[in-house]
Structures are given as C-alpha cells and as structure tokens.
Amino acid sequence: MVRNQSRCFLGIIITISFFFFLLSLPNTFASPTRSLCRSDQRDALLELKKEFPIHSNGSHHVTTLSWNKTVDCCSWEGVTCDATLGEVISLNLVSYIANTSLKSSSSLFKLRHLRHLELSHCNLQGEIPSSIGNLSHLTYLDLSFNQLVGEFPVSIGNLNQLEYIDLWVNALGGNIPTSFANLTKLSELHLRQNQFTGGDIVLSNLTSLSIVDLSSNYFNSTISADLSQLHNLERFWVSENSFFGPFPSFLLMIPSLVDICLSENQFEGPINFGNTTSSSKLTELDVSYNNLDGLIPKSISTLVSLEHLELSHNNFRGQVPSSISKLVNLDGLYLSHNNFGGQVPSSIFKLVNLEHLDLSHNDFGGRVPSSISKLVNLSSLDLSYNKFEGHVPQCIWRSSKLDSVDLSYNSFNSFGRILELGDESLERDWDLSSNSLQGPIPQWICNFRFFSFLDFSNNHLNGSIPQCLKNSTDFYMLNLRNNSLSGFMPDFCMDGSMLGSLDVSLNNLVGKLPESFINCEWMEYLNVRGNKIKDTFPVWLGSLQYLTVLVLRSNTFYGPVYKASAYLGFPSMRIMDISNNNFVGSLPQDYFANWTEMSSVWQRPMLTLDYKRNIAIPGSNYMGDDNHQDSIDLVYKGVDTDFEQIFGGFKVIDFSGNRFSGHIPRSIGLLSELLHLNLSGNAFTGNIPPSLASITKLETLDLSRNNLSGEIPRGLGKLSFLSNINFSHNHLEGLVPQSTQFGSQNCSSFMGNPRLYGLDQICGETHVPIPTSLHPEEPLLEPEETVLNWIAAAIAFGPGVFCGLVIGHIFTSYKHKWLMAKFCRNKRKTTIGTS
C-alpha cells in the first residue's frame with residue numbers, strides 16, 4: 001500500500017517536472033536575450049538632448065520627448081540599437097527643429113557605432129565639425145535642408161564605409177577635399193543647391209557611385225574624362241553650374257547611365273554621340289541652356305532608349321535629322337530657342353509615343369503637316385514664335401488628349417474647317433494669340449466646356465463674343481485683347497464661375513459692365529480698356545476680395561466713384577487705372593483707408609494654387625502663374641508702356657483725365673507701398689496733402705493740370721525713389737523743394753505755376769518766378785514795372801514841387817498866428833478836461 005502511494009507520488013513529481021521542462025523549451029532554444037542600451041550610449045543621447053533643445057515650432061513626428069532615464073534608450077523615438085550589443089547604430093531626428101550648431105565636442109560624436117545618421121530639416125547652423133570623422137562606421141549621412149556653412153572637413157575621408165551622402169540645400173562652399181577619394185563604397189552623392197566651387201572633382205576612384213547630383217552650385221571646370229571609369233553610374237546631374245568645355249560625350253560610353261542632366265552651364269561647340277552603341281540605356285538627356293551649336297548629328301539614332309530629349313536654349317541650326325524617327329520611345333522632345341529652320345520634318349510625326357513636343361522660338365515655317373495628327377498621345381504642343389501659316393492644325397480640335405496648345409506669334413489666319421471635335425470634357429489650355437486669325441470666334445468653341453486658359457488676343461477677330469462662353473464655368477483666364485470684337489459683353493460670371501482673369505481691352509464693346517461679375521469670387525484681373533462701355537463706376541467690385549488689377553481706362557464711364565452706402569474700398573487692389581473717362585465728384589478724405597494691399601509689403605508667396613491640378617505649387621514673382629502671366633499697358637513715367645509681366649509688388653493708381661474735384665484725400669498717404677500715382681487732368685483744388693511724403697517708395701507723381709494751390713510739401717523732397725515729377729499747370733507757389741529728386745526734373749514739370757520759385761538751376765533764365773514769400777513787404781519788381789514806376793514818379797514830380805512852394809510860403813508868412821491859435825485852443829481843452 002505504502003509502495004503504491006510512493007509510486008503515485010513519484011509519478012506526480014515526474015509529470016510536474018516534465019511540464020515545467022516543456023515550458024522552458026522556448027527560452028532554451030531561443031536566441032540570446034536582446035541587450036539593453038548601454039549606459040554610455042544613453043548618457044550621450046541625454047547630453048545630445050540638452051544640446052538640441054525642443055523648439056516651439058518643431059515637428060511632433062520625431063522628437064526627444066520620449067528620451068528619459070526610466071526607459072531603455074533603445075526604445076526611444078528616433079533611436080535604433082544593435083540587438084546584440086546595445087550600441088546605438090541609427091539616429092533619426094528628421095524635422096527636429098534644433099536651431100543650433102554642431103560643435104566638435106558634441107555628444108553626438110560619442111556615438112561611435114552609428115551607421116545611420118539623419119538630421120535633415122533641423123535648422124542646423126555653422127560648420128560641419130571635423131569630429132564627424134570619428135563616426136567611422138557611418139554608411140548613411142543626411143544633413144540636407146539645414147543652414148550649414150563652410151567647407152567639407154578633410155576628416156570626411158575617414159568615413160570609408162559611407163554609401164550615401166545627402167547635403168541638399170545648405171550653404172556649404174569651397175572645394176570638395178581630396179580625401180573624398182577614400183569613400184570608395186559611396187553609392188549616392190547629393191550636393192544640390194550649395195555653394196561649392198573649384199575645379200576638378202575627385203570622383204573617378206569612387207567606382208561604386210550610381211547617383212551624382214552636383215546641381216545648383218558654382219563648380220567651374222571641365223568634366224573630367226576619368227568619370228568614364230564609373231561603370232556603375234546611373235544618374236549624373238550637374239545643372240546650374242559653370243562647367244565649360246566641349247560636350248562630354250565620353251559619358252555616353254558608360255553602359256549603366258540612364259539619366260544625364262547638363263543644363264544651365266557653359267558647354268560649347270558641336271554635340272556628338274561618340275561611339276554610342278545601340279545597347280545604350282540612356283533614357284533622359286538634358287543639355288538645355290548651354291552654348292552648343294552646329295547640326296544635330298544623325299548618330300542620335302543610336303540612343304534608342306531615350307524617352308526625354310532636351311536640347312532647348314542653344315544655338316543648334318539646320319534641320320532636325322530624319323534619323324530622329326528611330327527614337328521610338330521618346331515621350332518628350334524639346335527643341336525650343338534654337339535656329340532650326342525649314343518645314344517640320346515628317347520624321348518627328350513617326351514618334352507615336354510623344355506626349356510633349358516643343359518646337360517654339362525657331363525658324364520653322366510653312367503649313368503644319370497634317371501628319372501631326374498621327375501623334376495620338378500628344379498632350380502638350382508648343383509651336384509658338386515661328387513662321388507657321390495657313391489654318392490651325394485640325395488635330396488640335398480633334399484630339400482627345402491634347403490639353404495644352406501654344407501657337408502664338410505665328411501667321412495662322414484661319415480656324416480651318418471643323419469636321420470632328422475631340423473629347424469635350426477635357427480641360428484645355430490654348431494660346432493662339434498674336435496671329436492673323438480673321439472672322440468671328442466660332443460658336444463650336446463652346447462645345448469645349450472646360451477651358452482653364454484661352455487666349456485669342458492680338459488677332460483680327462470681329463463680330464460679337466459668343467454668349468455661350470458664359471456656360472464655361474471652368475474658365476480661369478480669358479484673353480480677347482486687341483481685336484475688333486463688338487456688341488455686348490456676355491455674363492461670364494454665372495454661379496460657380498472660376499474666372500480669375502479677363503482681358504477684353506482694345507475692342508469695340510458697348511453697353512454696361514455686367515453686374516454678374518460680382519459672382520466672380522476668384523476674379524483677380526479685369527481689363528476693359530479702350531472700348532465704348534458706358535456705365536457708372538462699378539463700386540460693387542469692391543466685394544471681390546481677390547481683385548488685384550482693375551483697368552477701365554479710355555471708355556465712357558461717368559459719374560462719381562464713391563457711394564457712401566456701397567463703398568467698401570479695394571483691399572486687395574495693386575493696380576487701378578480708371579483714366580480718360582468722365583468720372584466726376586469729390587473723394588472723401590478716407591477714400592483710400594481700406595486699400596490695405598497698397599500699404600502692405602509684397603512678399604513672394606511660398607505657395608500658390610495650380611488651378612488646373614488643384615494643388616499647391618511654388619509661388620511666382622509675377623501676377624498670373626508660371627504658365628500664363630498677366631500683362632498690362634499703362635502710362636508709366638509719362639510714356640505708354642506695355643508690361644508683358646506684372647511684378648507682384650508693382651502698385652499703381654491712375655485717375656488722370658477725368659473731372660474729379662475737391663481736395664486730394666489725405667488718406668492717400670496710407671498707401672506706403674505705392675509706386676506710381678497719376679491724378680493729372682482733373683479739377684482737384686486745395687493744397688497738395690503733406691501725407692504724400694509718407695509714400696516712401698513712390699517713383700512717379702503726376703498732379704499736373706489741376707487747380708491745386710499752396711506750396712509743394714517739403715517732405716516730398718525726401719522721397720529718394722521719386723524720379724518722375726509733374727506739377728505743371730496748377731496755382732502752386734513758394735519755394736520748390738531743393739533736393740536731388742526735384743533738381744533732376746525737366747523745367748516743364750513746373751511750368752504754369754507763376755508763383756513758384758527756386759527753379760534757377762532747372763529752368764535757367766527761361767523761368768525765374770517771383771520769390772513772394774521771402775520779403776512780402778518789398779516785392780521784387782520786373783524791369784518793365786520799374787520803368788513804369790519811374791515814369792509815374794516823373795509825372796508826379798512837377799505838381800509836387802509847386803504844391804510844396806505854396807505851402808512853404810503860407811507856413812513861413814503866417815506861422816506865428818496859426819501856431820498860437822492851434823496850440824492855445826488845444827491847451828484850453830486840456831485844462832477844462834482836468835479841472
């Protein structure tokens with residue numbers, strides 16, 4: 001019995017032991033436990049946290065907020081450790097705004113086992129310290145988008161394990177050190193947008209290189225033929241430098257190369273493709289903006305893999321070789337700004353994969369071959385600034401993919417016979433300006449419902465503007481300037497309209513300005529100059545918060561420009577030209593108080609809206625966008641000037657040639673950023689407001705042909721940018737400000753103000769007015785007045801002498817009796833009065 005119990009107990013013990021044995025198996029055969037972060041690594045990171053304090057506007061994506069002693073540093077955000085040794089091997093602080101410099105003593109360089117270091121977008125300043133050479137295990141280094149300066153430290157050569165360097169967008173300069181030759185494992189080198197200079201770049205030893213990007217620096221040497229030894233090179237980008245010499249054809253011998261960008265340098269001479277074989281992998285070749293010349297060699301056909309060929313902005317001449325038809329993979333061909341001539345070769349139209357074709361700014365002529373219709377994949381076509389003639393190519397109307405067309409500055413004279421229209425829903429961007437197009441705008445144009453941009457300006461079009469265009473709600477820019485269009489203006493701005501720019505200037509339009517424009521909430525530019533529009537001032541346009549340019553010049557607008565119940569000001573206005581109309585009335589003193597854009601310092605916008613793709617893109621210095629910029633005609637400095645681009649900071653007011661009266665509003669002085677002010681040819685009265693002296697950037701001021709009086713404010717003489725002044729034909733008086741700006745004006749700028757003086761140096765003897773304000777009790781006399789006064793004195797002299805003799809005789813003969821009688825009578829009166 002006892003033996004059985006013992007056996008039972010022993011069995012239980014064995015069973016339990018076996019159970020625990022099974023539980024221990026996973027740990028027994030598992031890999032060793034991951035080591036915790038080493039204390040020296042943790043302490044170095046905590047010191048680094050103190051060196052890189054958290055900035056108030058720093059990114060919350062990666063921060064050091066999680067870095068504290070209570071947590072294993074290998075689990076900290078941005079930190080990666082070696083699982084076995086507990087050493088920090090990767091540090092990623094992208095967009096951690098440090099606003100500090102890297103010092104040689106930084107605890108960062110105590111992390112000697114780092115393999116991956118990423119400190120981009122950290123606002124790091126100062127130089128790269130030589131201590132960077134201590135991180136000899138680094139394979140990946142990214143310090144891009146900071147504010148680093150100075151030269152590469154020579155110690156960079158110690159990082160012989162480096163495979164990737166990215167220093168994009170800093171201010172590093174000087175030569176690349178020769179120690180760079182030690183980086184034999186380097187695969188990618190990104191130095192774009194710095195200030196590196198110098199001659200030969202020692203890269204030939206770096207045979208592992210696959211990507212070299214030296215763009216946007218100041219390198220000024222030839223491209224060394226030793227680079228042909230880089231047999232793994234795939235992308236070579238050196239645009240925007242000062243590299244010179246012949247085209248480096250040896251690059252084409254590198255069999256692995258797929259992308260070459262040499263644009264915006266100083267390469268010169270003919271281009272040749274050496275002994276390039278048909279096995280070339282090159283897909284992109286960009287040599288634009290250089291000084292290359294001569295003919296394009298037939299051997300270009302050997303680059304059979306080419307997809308993008310950019311030869312624009314050089315001096316190539318002759319005809320495009322027919323062998324180009326062998327480049328069947330081309331989707332982009334850019335030959336603009338050269339001297340190519342003759343007819344467009346039909347070989348181009350065999351490139352059926354072409355999506356982008358740019359032949360602009362050449363000497364191509366004749367009719368565009370109908371075979372262009374074979375380019376069924378074409379989405380953008382630019383034939384502008386050539387000598388093409390005849391009718392517009394039919395493929396433009398028929399294509400279902402062609403959304404961007406520029407045929408401007410040619411001699412096309414007809415829209416052609418339209419047999420078929422393409423996809424009506426495709427958003428289009430057409431520029432047919434500056435041709436010889438005749439007749440009315442065809443009604444079928446309205447079948448294309450989506451136009452982002454349509455430019456028919458500077459042609460010979462007549463008839464009325466198709467009313468159906470008002471249904472094209474996706475219009476952003478419409479330019480019909482300088483034609484012979486007549487009739488009424490359509491209601492372009494129906495509900496939901498995207499119209500942002502409308503130019504119908506220099507036509508024969510009549511009627512009123514459509515009040516539907518109030519629905520154009522995106523309107524920025526409106527130009528109706530030089531028509532026959534008869535209407536009152538559109539005060540209601542003040543509700544358009546983006547309206548920047550308003551030109552009503554040379555129409556028959558009439559009446560006041562101010563209504564107390566409706567006036568809102570023009571807060572976004574930069575250019576207003578309402579000259580040569582029939583506007584009347586006075587302006588209230590606070591008229592310009594709400595023109596806030598005129599008093600704001602203009603800054604180039606970081607981003608702007610791409611209306612076609614509905615995305616944000618880098619801002620432009622000019623009104624409009626990068627593809628289509630607004631233009632304008634203005635009387636500037638007394639000369640009718642055509643501005644093909646409108647600088648964003650260009651701010652102008654022209655109210656000239658009307659019948660405004662009353663005082664010039666004092667609030668004009670609030671427009672501190674105004675550059676050009678023209679109030680001439682009106683009936684303004686009163687003094688010139690001294691507040692004008694507050695417009696410190698004013699360049700031109702024309703107040704001529706008014707009824708202004710008083711003195712010219714002395715403060716105007718301190719406006720250092722004022723270069724063109726006209727105060728002529730007013731009633732001004734007093735001393736003209738004695739300043740360089742006033743002294744450099746023509747005498748005619750002050751004529752018609754006879755009481756102005758201080759013009760001796762300007763006008764010489766032709767106009768020296770009376771300085772009335774110096775000695776008003778003793779006015780200076782003109783020579784003719786002096787002669788007349790002497791004649792008057794001579795005439796009065798004879799009678800004066802006769803009267804004097806008679807009075808003298810009476811006085812001497814009867815003086816005793818007369819004096820006694822007079823004196824005694826007065827004395828008696830005094831005595832009686834005091835008694």
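Using N, Cα and C of the backbone, Cβ positions are placed for all residues, glycine too.
Going by Swiss-Prot, these are the annotated features:
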- Asn57: N-linked glycosylation site (CARBOHYD)
- Asn68: N-linked glycosylation site (CARBOHYD)
- Asn134: N-linked glycosylation site (CARBOHYD)
- Asn182: N-linked glycosylation site (CARBOHYD)
- Asn205: N-linked glycosylation site (CARBOHYD)
- Asn220: N-linked glycosylation site (CARBOHYD)
- Asn377: N-linked glycosylation site (CARBOHYD)
- Asn462: N-linked glycosylation site (CARBOHYD)
- Asn471: N-linked glycosylation site (CARBOHYD)
- Asn594: N-linked glycosylation site (CARBOHYD)
- Asn678: N-linked glycosylation site (CARBOHYD)
- Asn726: N-linked glycosylation site (CARBOHYD)
- 111-135: repeat 'LRR 1' (REPEAT)
- 183-208: repeat 'LRR 4' (REPEAT)
- 231-254: repeat 'LRR 6' (REPEAT)
- 279-302: repeat 'LRR 8' (REPEAT)
- 376-399: repeat 'LRR 12' (REPEAT)
- 449-472: repeat 'LRR 15' (REPEAT)
- 497-520: repeat 'LRR 17' (REPEAT)
- 522-546: repeat 'LRR 18' (REPEAT)
- 570-594: repeat 'LRR 20' (REPEAT)
- 647-671: repeat 'LRR 21' (REPEAT)
- 672-695: repeat 'LRR 22' (REPEAT)
- 721-744: repeat 'LRR 24' (REPEAT)
- 31-790: topological domain 'Extracellular' (TOPO_DOM)
- 812-835: topological domain 'Cytoplasmic' (TOPO_DOM)
- 791-811: transmembrane segment (TRANSMEM)
### Query
In terms of DSSP three-state secondary structure, what is the assignment for Asn68 (N-linked glycosylation site)?
coil
#### Entry: For Asn594 (N-linked glycosylation site): intrachain residues, at least 6 apart, with Cβ closer than 8 Å
Leu568, Gly569, Phe570, Pro571
#### Entry: For Asn594 (N-linked glycosylation site): DSSP state (helix, strand, coil)
coil
### Task
Using DSSP, break the repeat 'LRR 12' (376-399) down into helix, strand and coil residues and give each count.
4 helix, 8 strand, 12 coil
### Query
If H, G and I count as helix, E and B as strand, and all else as coil, what does DSSP give for Asn678 (N-linked glycosylation site)?
strand
### Task
Look at every Cβ pair spanning the repeat 'LRR 18' (522-546) and the repeat 'LRR 20' (570-594), keep those 6 or more apart in sequence, and say whether at least 3 of them are under 8 Å.
yes
### Summary
For Asn377 (N-linked glycosylation site), the number of neighbouring Cβ atoms whose distance to its own Cβ is within 10 Å equals 15
### Summary
With the fewest other Cβ atoms within 10 Å, the residue among the glycosylation sites Asn182, Asn471 is Asn471
### Message
Need the DSSP three-state call for Asn205 (N-linked glycosylation site) to compare against my parser.
### Response
coil
### Task
Determine the Cβ neighbour count for Asn462 (N-linked glycosylation site): the number of other Cβ atoms within 10 Å of its Cβ.
15
### Task
Find the average pLDDT over the topological domain 'Cytoplasmic' (812-835) in the predicted model and report it.
37
### Top Cα neighbour of Asn471 (N-linked glycosylation site) in the set of glycosylation sites Asn68, Asn377, Asn678
Asn377
### Query
Including all protein chains displayed, how many Cβ atoms other than that of Asn134 (N-linked glycosylation site) lie within 10 Å of its Cβ?
19
